[in-house]
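Written below as structure tokens is the structure these notes are about.
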Amino acid sequence: MKLLATLLGAVALATYAQANANVNITYGHGKETQQRGGSGNLTTDQGLPIIDDENTLSSGSRGPALLEDFILREKIFHFDHERIPERIVHARGSGAHGYFEATEDISHLSKASVFKKGKKTPIFARMSTVAGRAGSVDTPRDVRGFAIKFYTDEGIWDLVGNNIPVFFIQDAIKFPDLIHAVKQEADRGYPAAASAHDTFYDFASLMPESTHMLLWLQSDRAIPRSLRMMDGFGVHTYQLVNSSDNAHFVKFHWRTKQGVQSTIWDETTKLQGADNDFHRRDLFESIENGMYPEWELGVQVFDREFAEKQFYDVLDATKLIPEEDVPVKIIGRFVLNRNPDNYFAETEQVAFCPSHVVPGIDFSNDPLLQGRLFSYLDTQRSRFGSPNFHQLPINAPKSPVKNFQRDGMMQGVVNKGRASYQPNSLDQAKEPTGPRGCPFGFGSSKAVTGPREIGPKMRIRDERFKDHYSQARLFWKSQTSNEQYHIVEGFTFELSKVTLPFVRERMVSNLRNVDEDLARRVAQGVGMKLPAKSKAMAPIHDMKPSKYLSIQKNWKKTLKGRNVGILIANGTDGSVVDKLVSQIKKNNATATLVGPTLGGIKLKDGSTRNADAQLAGSPSALFDAVAIVLSSEGTKSMMKQSAAVQFVMDAFSHLKAIGASKAAKPLLNKAGVEQDKGVTDLDDSFIEAAKQRFWDREMKVRPPP
């Protein structure tokens, strides 16, 4: 009895009430902190209510742990198996729930019910980097994945695209080589989440089909300010099929309603140090605060006749179709309005496959797309270890699932009856026969959108796939001078990290086919002689510049969804701060008070104000514009703080609006701020200035070498 009493005492809870900031803390027998209250009883995975899972069952208070402790074994066992293999690419991602609403009738183009005007369809969106692992930073120079899962009444439709309309390669068989080249180098395991290294540029310079994509990668498109502020593209050519089985080619476009906005490269590098989760936090907090991001869905629709007239092949994923040739027609919109309840269960376990389509949407012969149709399904089975990943809640369709697929690891469906095959005649025995084919279901379109491809087996690409430079030149010529400068800076930085001289030379040789000035400036930036031009495999066409390819030519002047940092210190005029905050909120933006400390900032009227962010950990790179609201006393104090000087200096260098009180001018002078249209007083002019960047300032702060 004495031993039994000892064992019972070892597992019994001893509760003590301790006043600590008006919180009652509960302790266990060993004075370890225990859970206060909770929702229901603590149980094992088998539903067994348990008293304690914070202490291992042992023989006495200092004796050995007992093998019979199934609670310990279960808890550790589950912990040891919490992780699944991460995605080979697009491992780092952020997601949210929302809905798609069709706004135009396109029944003449597609019979897909998701496009029925006025219809709302639940969706889940995931946006991601490509090269980095799951724990990498949010803001490297990289293409972003842009994938949408539509839970339609006809099944799942996955539109799996990127924030750039073209890709590095034409044929899926080269995808393993591309990813092996861009990932960490095989012998040394670095660099992570970066294309600026030997193996990537060795591969890319030997694959001139990558040139067009490389220009996009070095442009501002690859360093977005926010996941909310980037467009999305389906990349491939698909087909829309109507109820008469007539088909048209289509390219899908997502247009952000927030306006496309990117960062400056120096700003991006500072963001990586200030907040590894900058994009994920931005998306989550925007939705949490009711600022729901929205995109429009547009389509470029064209026929066989148009496709055959082009000097490039519409099935080539390294090419786009200029909007001047085929305008984008807006047919719907989607809104993200709910954050995931659990990151792993939803954002990590969501499984996108381009092969998931619905009646009215079909594939083309794009060789990159055809390979993706296999690869994505295969990689999901590898990640989940089972063909039943579609049963996970985030992947499960809203429409009924009825087929003869059976069993497999982690099968969650209890299929009844003997009918696990077809055809069968079990109805004659008065037994269920299972489902049968639906005459209105998906069937590969019989329509012909292009010439029938019949010929001998061969490993060869079409002649029109050989032009690798015309559209790269189109993209370059379509940029503003600032945007071209950023592309030059991008190539200069990346090639400066390449240690093999012959790779740098080969890359610049290819760039000469795009534009001589581009190649010359990049060569000058890395300090090398201009090499001979590489041989182009097809004539290079001078295409008319397209305004749609430039961010700055389509800049949306708005403060909505942006974040303004307001620097305060002791002596700050609280009334000025309050007025600024009010104006910012009226523009549907966020105001963040930044102070030398989080609490106890003594204002001009003697009251105290808490800051939202601490200066040393909140550089101005985190904000879209900054206001410096300081008194003479505060300015003197801040001029001694390197973080404050850098805060202002970076805002000016990153071409942002700076509003400042008169007393703060000495701090601006110390930070090297020169007067221009983006440097204002704290009045209405600051709010207007905060809606944009000041590109004219760039040559002052970052002149070419």
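Just so it is clear, glycine is given a Cβ too, placed from its N, Cα and C backbone atoms.
Where the annotation comes from TrEMBL, it is an automatic prediction and has not been curated.
Listed in TrEMBL:
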type	residues	note
ACT_SITE	His90	active site
ACT_SITE	Asn162	active site
BINDING	Tyr376	heme binding site
DOMAIN	43-430	domain 'Catalase core'
SIGNAL	1-19	signal peptide
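There are 18 other Cβ atoms within 10 Å of the Cβ belonging to Tyr376 (heme binding site). The domain 'Catalase core' (43-430) scores a mean pLDDT of 96 in the predicted structure. Secondary structure at Tyr376 (heme binding site), as computed by DSSP, is helix. Cβ neighbours of His90 (active site) (same chain, under 8 Å, six or more residues apart in sequence): Ser128, Thr129, Val130, Gly145, Ala147. In this structure, the C-alpha atom of the residue listed as 'heme binding site' lies 15 angstrom from that of Asn162 (active site). Of all Cβ atoms in the shown protein chains, 25 besides its own fall within 10 Å of the Cβ of Asn162 (active site). Secondary structure at Asn162 (active site), as computed by DSSP, is strand. Look at His90 (active site): DSSP puts it in coil.
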